[in-house]
Amino acid sequence: MALLSIVSLQVPKSCGLKSLISSSNVQKALCISTAVPTLRMRRRQKALVINMKLTTVSHRDDNGGGVLQRRIADHHPNLWEDDFIQSLSSPYGGSSYSERAETVVEEVKEMFNSIPNNRELFGSQNDLLTRLWMVDSIERLGIDRHFQNEIRVALDYVYSYWKEKEGIGCGRDSTFPDLNSTALALRTLRLHGYNVSSDVLEYFKDEKGHFACPAILTEGQITRSVLNLYRASLVAFPGEKVMEEAEIFSASYLKKVLQKIPVSNLSGEIEYVLEYGWHTNLPRLEARNYIEVYEQSGYESLNEMPYMNMKKLLQLAKLEFNIFHSLQLRELQSISRWWKESGSSQLTFTRHRHVEYYTMASCISMLPKHSAFRMEFVKVCHLVTVLDDIYDTFGTMNELQLFTDAIKRWDLSTTRWLPEYMKGVYMDLYQCINEMVEEAEKTQGRDMLNYIQNAWEALFDTFMQEAKWISSSYLPTFEEYLKNAKVSSGSRIATLQPILTLDVPLPDYILQEIDYPSRFNELASSILRLRGDTRCYKADRARGEEASAISCYMKDHPGSIEEDALNHINAMISDAIRELNWELLRPDSKSPISSKKHAFDITRAFHHVYKYRDGYTVSNNETKNLVMKTVLEPLAL
């Protein structure tokens, strides 16, 4: 299949344009609905079915009193036994592989540097698109950490030719703007903090307001342009109507294209982007998919840029993927030992998802030096899960009050009043926080204990509030529920504690933009809670947890049905996503994108797990496949 040529094929708007969609279809795509339809391009396996009803069991009071009736949810057990994890090994940690990777890195840098130096191959008609293609490919392959300087130089060059009302052409001397180049530039420049307006997309509409391309373009070139238009539309800011129109139109167009074109690297890219978009996309999963899609299509058909060595990029990407895989196994073995030796494995009433949490962490950050971030993320998520199950089901009201008070006193002597199962959890939490504080002092240069303690106390207060609601069968208003639920989701603590261990300076003015009570934190927490509720409210209700965004909305709106509540909440999530884009990428921010990106990516990881169902509670087929493809299975070199 012919892909986009590096030679500019633009024509004026007044000459030879063909609409990309019929007039009737435009009305359907742009006017009837303002929400992108659910996109499920791949056939998935039958989901793992779990009975989520409560079981009531009898426990003897630790103090020698009567028998306590406890509620236990029927969570499935850990799927990844410690013996299995400890048996895993990888040859890719050897020096020979890292040395090969270092050699290829230098060769790819030479490719980058050849773009401005080789005027014969990369002339004034293709130099902008070539740079954008190179940056985009390197980032999607997960190897961009080696080329930060080259990426910045390339994007500075592209931005110098950006026109606010027209965008760019394929090259600096192109006569007319090009949709493919402009859409790719809009997305890439925006994600790197450049101030670019989506208004440029208005240029690529015909007289009727429909998106259009020059009639001279091939179907493959048009499809590539629409694909990059769709990708650009996903980084929309609030109020950008043209981006909403672009998203609806391009999603519809690409779905129809998939029904016609043969299997190829282009069809594979389209399937992946429609499946995961931007806000449920995980960098490591994308890297593996991008590698496999391009290899399966054959090297002879994969190269949009015939003068760039895609084979060399894939060679480096595969080496990097497998070298990190070796580190992943070592870190995962350490986490599994921690889970077993801490006694967590003996807590039969709770969910055990430490392997899944590690998968999320390593899909967020693939930098070898961020080991502390990954380990901290897993431990925090595991502990929040255990505590959530204690407060929602297993613990009695008296025990929960004792535990909450003990946390606020932050004194090990208070554990003597706790039941045995709570003592171990308290000690694990105490140790986890102190280890993080010690690590954070190295990276942040100050004592963060009080800051972290306050965050945990706020979490426990909301846990306690929800326990009271369950105990009294109280159903709050939607506003009352969401105010509490944004904190009880655990999003703040699951983000704050890991990012403080990064080698990214987070002075107070940056934390004020990321952490509570910032708008960034509120949006991230809302997305997690609302998306989670849409996926697990029925299972929660079966466990006796009546309060959810769905049930509270229906209480506030008598006569409404679940579908009404879900539509309202999904609209809230869509709005929050665009606003979170703004908080991450806003050009007027005092905080660099790099200081906010890990917090943003944690939100993406949780959103990914909740994409189709509650993969956080139930390790369904999508979750298990994610573990296999991004952690356990290396690529064939």
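Just so it is clear, glycine is given a Cβ too, placed from its N, Cα and C backbone atoms.
Residues or ranges marked as transit peptide by Swiss-Prot: 1-56.
Marked as Mg(2+) 2 binding site by Swiss-Prot on the basis of similarity to another entry: Asp388, Asp392. DSSP classifies Asp388 (Mg(2+) 2 binding site) as helix under the three-state reduction.
Counting Cβ atoms from all protein chains shown, Asp392 (Mg(2+) 2 binding site) has 19 others lying within 10 Å of its own Cβ. Taken from Swiss-Prot, the feature Mg(2+) 1 binding site covers Asp388, Asp392, and the record attributes it to similarity to another entry.
The feature motif 'DDXXD motif' is assigned by Swiss-Prot to 388-392. Packing against the motif 'DDXXD motif' (388-392) from elsewhere in the chain are residues 73, 75, 349-351, 400, 403, 422, 425, 463-464, 466-467, 470, 488, 490, 543, 545: each is 6 or more residues past its ends and has a CB under 8 Å from a CB in it.
Residues annotated as Mg(2+) 3 binding site in Swiss-Prot, with similarity to another entry given as evidence: Asp540. In sequence order, Asp533, Ser548 make up the list of same-chain residues 6 or more apart from Asp540 (Mg(2+) 3 binding site) whose Cβ falls under 8 Å from its Cβ. When secondary structure is read from DSSP and collapsed to three states, Asp540 (Mg(2+) 3 binding site) falls in the helix class.
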